[in-house]
Protein chains: 2
Amino acid sequence: MPNPNNPALHSWIDIAPTSDFPIQNLPFGVFETPERGPRLGVAIGDYVLDLYAVSQFGFFEDLDIPTQPKVFRRRSLNSFIRLGRPVWRAVRLRVSELLRHDNGELRDNEEAMRTCLVRQSEVQMLRPVKPQNYTDFYSSIEHATNVGIMFRDPANALLPNWRHIPIGYHGRASSIVVSGTDIRRPNGQRKAPDAAAPSFGPSQQLDFELEVAFVVGKSTELGHSIPLQHAEEHIFGLVLFNDWSARDIQSWEYVPLGPFLGKSFGSSVSPWVVTLDALEPFRTAGPVQEPEPLLYLRQLDAHNFDINLEVGIQPADAPETTVCRSNFRYMYWSMAQQLTHQASNGCNLQVGDLYASGTISGHTPDSFGSMLELAWKGTKPLPLTDGSERKFIQDGDTVTIRGFAEKDGIRIGFGEVRGTVLPANPL
Amino acid sequence: MPNPNNPALHSWIDIAPTSDFPIQNLPFGVFETPERGPRLGVAIGDYVLDLYAVSQFGFFEDLDIPTQPKVFRRRSLNSFIRLGRPVWRAVRLRVSELLRHDNGELRDNEEAMRTCLVRQSEVQMLRPVKPQNYTDFYSSIEHATNVGIMFRDPANALLPNWRHIPIGYHGRASSIVVSGTDIRRPNGQRKAPDAAAPSFGPSQQLDFELEVAFVVGKSTELGHSIPLQHAEEHIFGLVLFNDWSARDIQSWEYVPLGPFLGKSFGSSVSPWVVTLDALEPFRTAGPVQEPEPLLYLRQLDAHNFDINLEVGIQPADAPETTVCRSNFRYMYWSMAQQLTHQASNGCNLQVGDLYASGTISGHTPDSFGSMLELAWKGTKPLPLTDGSERKFIQDGDTVTIRGFAEKDGIRIGFGEVRGTVLPANPL
């Protein structure tokens with residue numbers, strides 16, 4: 001069977017070497033145009049391959065896809081994902097074949113090619129999955145340590161449970177939006193430590209969080225757990241994730257039951273889901289875990305992934321400044337450990353669940369994944385290239401997270417997740 | 001317009017005075033039988049009125065219900081609820097009319113009556129809604145105080161934010177199950193305060209939590225908030241809720257991001273959703289709030305409801321012991337305040353969302369709504385009538401929560417939410 005990750009593959013479509021979407025990637029998403037209703041697509045160079053059209057033209061007729069072409073004409077990937085890994089793999093392989101430089105089936109069929117390929121600049125990307133449940137982990141040791149130093153005790157920055165448990169909490173699924181959706185600054189209740197009483201108004205400490213999230217591809221029944229070595233079979237793919245946070249609301253509300261309204265006003269996801277299959281060449285070992293985790297969380301193989309991440313802040317009418325460069329490989333707890341932990345009590349997974357990593361910070365100050373850390377709780381304002389500085393995110397700022405893996409001259413990119421902050425609603 | 005809550009109403013169906021389901025109640029649920037696929041129903045005495053059949057027989061033909069009869073043949077109430085309050089009200093009113101002692105339309109049509117009425121003993125009740133999002137509040141001051149005394153400082157039992165914010169957290173929607181579903185004791189990671197290291201195994205501190213939850217009946221857009229005086233317009237109805245909790249897992253994991261796997265192995269709901277309309281006669285003022293809440297949470301009218309609640313524990317092969325009698329009126333924060341707070345940051349509500357009250361404890365030890373409080377962290381084992389005692393819930397125990405409101409000889413009951421605990425899976 002041909003290997004769709006083979007670095008030697010190239011397409012008859014002209015793809016810039018800097019593109020996030022070479023033939024080795026083929027991420028899945030959902031799009032619409034003024035003429036076409038919501039449907040599934042695959043990114044290739046500057047184009048989207050319309051999977052519904054591809055299916056209608058009969059190019060998938062040798063594949064065993066029970067509900068085609070209908071399954072490709074949906075508002076989310078959920079139904080497609082539910083068909084199972086053999087189907088995702090077969091579709092990705094067939095798309096790879098159709099787009100390969102030496103395959104003329106689509107290239108030489110002018111009507112089909114015109115219908116099946118749409119410029120990305122002409123489509124509206126939609127939220128790729130309907131999230132059934134959303135968990136946000138807290139799996140970067142650098143981030144957890146930074147937060148512990150700032151808010152608790154520098155000498156005991158990590159809490160006693162942190163090295164034993166992939167700490168996480170359930171977040172709000174309803175307010176997850178696709179890249180490009182504006183984010184309204186939340187109003188909320190907050191109380192400065194020296195204030196006599198709390199007050200209600202626009203958050204003064206709006207932040208981003210640089211995260212990566214994975215999409216569940218295989219459900220489990222309530223009462224069942226997942227051995228770690230099978231955890232990745234339940235992962236469809238990955239997206240970039242901005243877990244917008246209102247630090248003032250969060251710090252007043254979060255004791256003792258955790259973050260709530262400081263997070264639930266909006267979380268942004270990138271539109272293209274990069275499959276775990278496409279990321280296979282970038283698998284790498286994670287940090288050494290000390291003490292060794294309990295048996296159910298112990299991993300023998302490499303379960304981290306080498307994905308470069310960066311964050312840019314662009315004020316209204318000014319150029320963007322890159323404020324952070326980090327890497328997904330820094331994660332202390334892997335996705336496999338997170339998922340195994342989530343299901344260890346019998347909690348059932350559902351296709352379309354999103355599991356976010358938590359803020360991904362590196363060792364150096366320029367790799368911190370939130371304004372809270374970059375400006376160190378407001379004590380070290382961050383200079384931007386336009387001469388302004390930031391303690392937190394201001395109205396009109398656009399925050400963009402980008403990510404890509406790169407090896408052997410092949411770049412497997414995620415595109416971006418972008419959001420512009422609008423002023424709070426009047427009280 | 002006739003008032004379906006009128007205490008003088010009675011039905012041509014014979015209904016025992018102790019029934020939870022007189023003609024003044026008419027709660028909605030979802031059921032199936034070996035012969036009938038999943039469909040919506042209304043409880044009346046010992047019967048279920050099959051709304052799909054009622055619609056097919058044309059009894060709703062004067063009502064403006066866009067998608068009947070199909071909307072009554074679903075696995076959840078969500079689509080019906082989405083039709084909006086005028087439709088729920090019209091259906092409840094029409095059902096009240098059809099069942100009234102002086103109405104012969106259904107009673108005298110033998111074929112219709114045989115088809116539309118099914119004995120409750122012959123149906124399988126299903127989960128009434130597909131929960132889109134689930135929030136668990138912490139709104140009983142007695143419960144929060146008890147927990148604070150046991151786990152923190154008796155002199156400062158309530159945390160500083162508690163009287164200012166209806167504290168809550170996002171829970172797991174996927175593991176919400178209907179009454180009668182067995183609950184598998186979770187395995188999990190826990191560490192006794194005096195243990196050197198954590199271990200993984202069956203929870204030793206399995207608990208119930210006596211709660212009431214409400215179902216959202218009207219969505220909002222992201223970025224929109226809800227003034228308190230309009231909050232109840234977004235509530236369809238109420239169910240009983242058992243928020244099963246593994247105290248040992250919870251206490252080890254919950255700092256700093258809140259409860260996670262200590263809660264997500266299962267939560268049980270009662271099958272009948274009692275409409276807020278049916279509960280209108282039981283509206284009452286809540287406790288005095290001191291200090292006065294911030295303006296956005298200030299309520300001028302009575303937003304609490306007088307609903308008697310009780311919990312029974314039945315060991316395998318032994319009679320049940322009632323271990324708690326409480327009341328929903330004790331809630332410090334009302335449902336209207338909870339919902340207004342939830343949306344105050346612009347978080348969008350979705351039809352089918354569940355918002356649970358948190359454990360509802362009263363002032364006296366026999367009104368505490370969890371084993372944690374009833375046996376005071378294991379220090380005061382609770383005697384059962386079979387001679388055994390309980391610090392926490394044991395394998396084989398069945399926990400049943402019941403609830404009803406009563407006034408002017410009319411009892412508006414919720415039925416029950418019941419669950420039996422199965423032994424943990426082997427490691």
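Here, residue 1 is simply the first one shown, and the rest follow in order.
Cβ coordinates are placed from backbone N, Cα and C, and glycine is handled just like the others.
Given the structure is predicted, the values throughout are model-derived calculations rather than measurements.
In TrEMBL, the Mg(2+) site is described by B:K263, B:S267, and among B:D243, B:D248, B:D277 the residue recorded at this site is B:D243.
Site annotation (TrEMBL): Ca(2+) is bound by B:E209, B:E211, B:D243, and the candidate from B:D108, B:D136, B:D306, B:D317 recorded at this site is B:D136.
DSSP gives B:Q250 (substrate binding site) a helix state. With a 10 A radius on its CB, B:S267 (Mg(2+) binding site) counts 28 other CB atoms from all the protein chains. In the three-state DSSP reading, B:S267 (Mg(2+) binding site) counts as strand. Proximity to chain A (Cβ-Cβ distance under 8 Å) holds for the following binding-site residues out of B:Y138, B:D243, B:Q250, B:T359: B:Y138.
Take the CB of B:D243 (Ca(2+) binding site) and look out to 10 A: across all protein chains shown you find 25 other CB atoms. Nearest neighbour of B:S267 (Mg(2+) binding site) by Cα distance, taken over the binding-site residues B:Y138, B:E211, B:D243, B:Q250: B:D243.
Closest by Cα distance to B:H143 (active site, proton acceptor), from the binding-site residues B:E211, B:D243, B:K263, is B:E211. Cβ proximity to the Mg(2+) site centre (mean Cβ of B:D243, B:K263, B:S267, cutoff 8 Å) flags the following additional same-chain residues: B:D136, B:G171, B:R172, B:E209, B:F241, B:N242, B:W244, B:S245, B:S264, B:G266, B:A356.
Proximity to B:E211 (Ca(2+) binding site), judged by a C-alpha distance within 10 Å, picks out B:T359 from the binding-site residues B:R152, B:Q250, B:Y254, B:K263, B:T359.
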